[in-house]
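Straight from Swiss-Prot, the features:
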DOMAIN    4-121  domain 'Response regulatory'
MOD_RES   Asp55  4-aspartylphosphate
COMPBIAS  132-194  compositional bias 'Low complexity'
REGION    132-197  region 'Disordered'
DOMAIN    191-383  domain 'CheB-type methylesterase'
ACT_SITE  Ser210  active site
ACT_SITE  His237  active site
ACT_SITE  Asp330  active site
Amino acid sequence: MAVKVLVVDDSGFFRRRVTEILSSDPNIVVVGTATNGKEAIEQALALKPDVITMDYEMPMMDGITAVRHIMQRIPTPVLMFSSLTHEGARVTLDALDAGAVDFLPKNFEDISRNPQKVKQLLCEKINSISRSNRRSSGFGSASAAPAAPAPSTLSSRASAPAPAPARAVPSRTATPAAAPAAPTSHAPAHPTTSGTAKRKAYKLVAIGTSTGGPVALQRVLTQLPANFPAPLVLIQHMPAAFTKAFAERLDKLCKISVKEAEDGDVLRPGLALLAPGGKQMMVDGRGTVKILPGDERLNYKPCVDITFGSAAKSYGDKVLSVVLTGMGADGREGARLLKQAGSTVWAQDEASCVIYGMPMAIVKAELADAIYSLDDIGRHLVEACL
């Protein structure tokens, strides 16, 4: 069945181009368009689309307000379009806070110069988020954990929320259908799905994520205490203009410190370094971060596999890695290297993922030592490292 899409934008040119691009995919049908947030709500209620593309700056009602209303009245996956500026990044993070699932930069130049690339990216996003878990899509949604305060009331490190209570997740042995069809030669023992993770003297915590990641990272990191004993590196698929604003937001919300990584930064306990968009991040055995130019041959900039691989080489069995919600399989090969070095790999469970792609790749490859619900990961990190 085709994915039904509602296109919302006050620019007639952009509405037409997005409609043309989406209509060229046989699996997608544009069921309607709207020119402002108010029309978007009316059309969403009338047409019941599978996905909504949403601009931010519109007359009568902006995109963020519209997203909030839509999430309350007819929860629907929303893909936001955002400008490539620091302010655009801030607004996009607010939209994700309101319940949007994902975003794309609104780049008119790319539409003109690279129409095939834009078509592939946009259609891939639409098809993917149409299958997203709406219950897990936003930190502003009804299902959001208490650890995610609203942006208008940013908490200080001293008043960050307490960890969410543990929640049991059915084990793979109890649900055989969820297990991979055929174990491979590198298959570990059945992963843990509840209980306390084994303590180990970890020198680094590495977390990789994509779609749904801004929500998931906030949910996890706000549960960590200021005296968290290990350095952290974060890899979130995100454009260059967005990672600085995202790091700043996390830093305001968390007890630990968070910053966008720069070349030469030194890893230290209680500091999380976020890989800069458009580049690659590696770590060396001296505890120093290396930031490299993004390679155009790679789909992801930053790439989880690259950071995980460097961590495996530099820290051997002393890395605790976590793969959170996201499209595709980035992180799988890096996790394989970590496992070969003796390190630990965790995956987010399907029920709490917005997109069960990256964690599924870890689980299917039999690389996961543990599979945890999003609300439990922060607590387990504390138990494993403190």
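A Cβ is built for glycine as well, from the same backbone N, Cα and C atoms used for every other residue.
The Cβ of His237 (active site) has 23 neighbouring Cβ atoms from other residues within 10 Å, across all protein chains displayed. Packing around Asp330 (active site) is summarised by its Cβ count: 26 other Cβ atoms lie within 10 angstroms of its Cβ, all protein chains included. Mapped onto three states, the DSSP output places Ser210 (active site) in coil. DSSP gives Asp330 (active site) a coil state; it is part of no helix or strand.
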